[in-house]
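Now, the feature entries from Swiss-Prot:
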- 170, 171, 172, 173, 174, 175, 176, 177: ATP binding site (BINDING)
- 363: site 'Required for activity' (SITE)
């Protein structure tokens, strides 16, 4: 039988006393009362803060959104299938944040900034809050630099500036996403970081966009944040804020960014679902009362920063889908009132073969010509005026059979101008190409052509100027002015190309 030695026991006790750590760990915990539909009701969590992250014992993370007298309403960032009634929950003391770094460029991630493209983890040393305050009045400066989309109809008549928020609105299948992706493609070589946020889209649609960007080398400067239609409502609600946080990271590092939200109405639907399940009182169209704030705090983060902050910018292009052209629905009117203008795409124009199907009459940019270079201002004014007169005359001409020669000429010119606004998808034009196209149309050089020949002639003219008159593009890009020298070069090119074209025909 082993002998018990008193000195050994006293040594062990002394050692334990010396090693005793007095540190008291206070954990704010609670118990799950009920779980389902992506919502959990928690008893306890007395000191939890609004928007704080909470962790369930099986690892799921949630956000405390409803703080009530007897329980806390938590939305889950996952399916929560393993959460049971009675399981414990602890408050983390943190609010939602994501890692950020240059390594995210070229990747496809989810709302929690986790990669979903199967290309491994993304390294980052910094993190950023998903929801951060928008720059104040003193931190901003007015928009003055153009953000070229490569689409004549937009760059000439509805110009977008760096730091602007321009809504793209229209029915389904009218080419809204195509306008946005063309804008991304046109940023190649312009040192603009692009973020495309897909909210509640079909996974196949997102894959199509990613493939289109990869094929044309645009993923090098693009980040895609995607939460598909089968994602939990919480993640669809968070995705735009994740995209904004990534764009802000680059903006505050003196870079220019472009962010596309496709589309915020799906985010509003996800937020409505969460709010109704949390038993918040419904308002118009069953949306909660703060749905305007949902979008305003997101879109206000787009800005052109002051010179003290490095003059970085974040340009936002939210895309909103309307139901049979109803722009006066709740979400469209909300977003229209927050943004600095809208580009309206019409199903009728799209079906008539006018693509991009931009209705120039009701589209507007509240920044206007401040976001255009001088050369574009010189030629775009005449185009706007002539198209407006043409639209008026066309409506009038439907009721009248005998029109005088001047009216017939004006209608013929208008039809050719409308033709020059047509562009194939994924074929953006440089500013110089746009200027020569508009100048050719507004100065009557297309009047002698059949409407069917206009696009072919313009394509050949652009190639001709690029190869035979490279000085034209050099003058426009260096001086940003449509000088007399550039005008003379262009006139010569048009005459020479016209002769060649007529010989071919």
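These residue numbers are counts, starting from 1, taken along the chain as shown.
Using N, Cα and C of the backbone, Cβ positions are placed for all residues, glycine too.
Quick caveat, the model's predicted, so the values are computed rather than measured.
For residue 177 (ATP binding site) paired with residue 363 (site 'Required for activity'), the C-alpha to C-alpha distance reads 17 Å. Here the recorded positions are 174, 363, and the one with the most other Cβ atoms within 10 Å of its Cβ is 174.
Between the alpha carbons (Cα) of residue 363 (site 'Required for activity') and residue 173 (ATP binding site) lies a span of roughly 18 Å. A simple way to gauge crowding: the CB of residue 177 (ATP binding site) has 21 other CB atoms within 10 angstroms, across all the protein chains here. For the recorded ATP site, residues 170, 171, 172, 173, 174, 175, 176, 177 set the reference point as the centre of their Cβ atoms, and the other residues of that chain within 8 Å of it by Cβ are 321, 345, 347, 350, 357. According to DSSP, residue 170 (ATP binding site) sits within a strand segment.
For residue 170 (ATP binding site), the same-chain residues that are 6 or more apart in sequence and have a Cβ closer than 8 Å to its Cβ are 176, 321, 322, 344, 345, 346, 347, 357.
Annotation for the binding-site residues 172, 176: lowest Cβ count within 10 Å of the residue's own Cβ, 172. Its own atom aside, the Cβ of residue 173 (ATP binding site) has 12 Cβ atoms within 10 angstroms in the protein chains shown.
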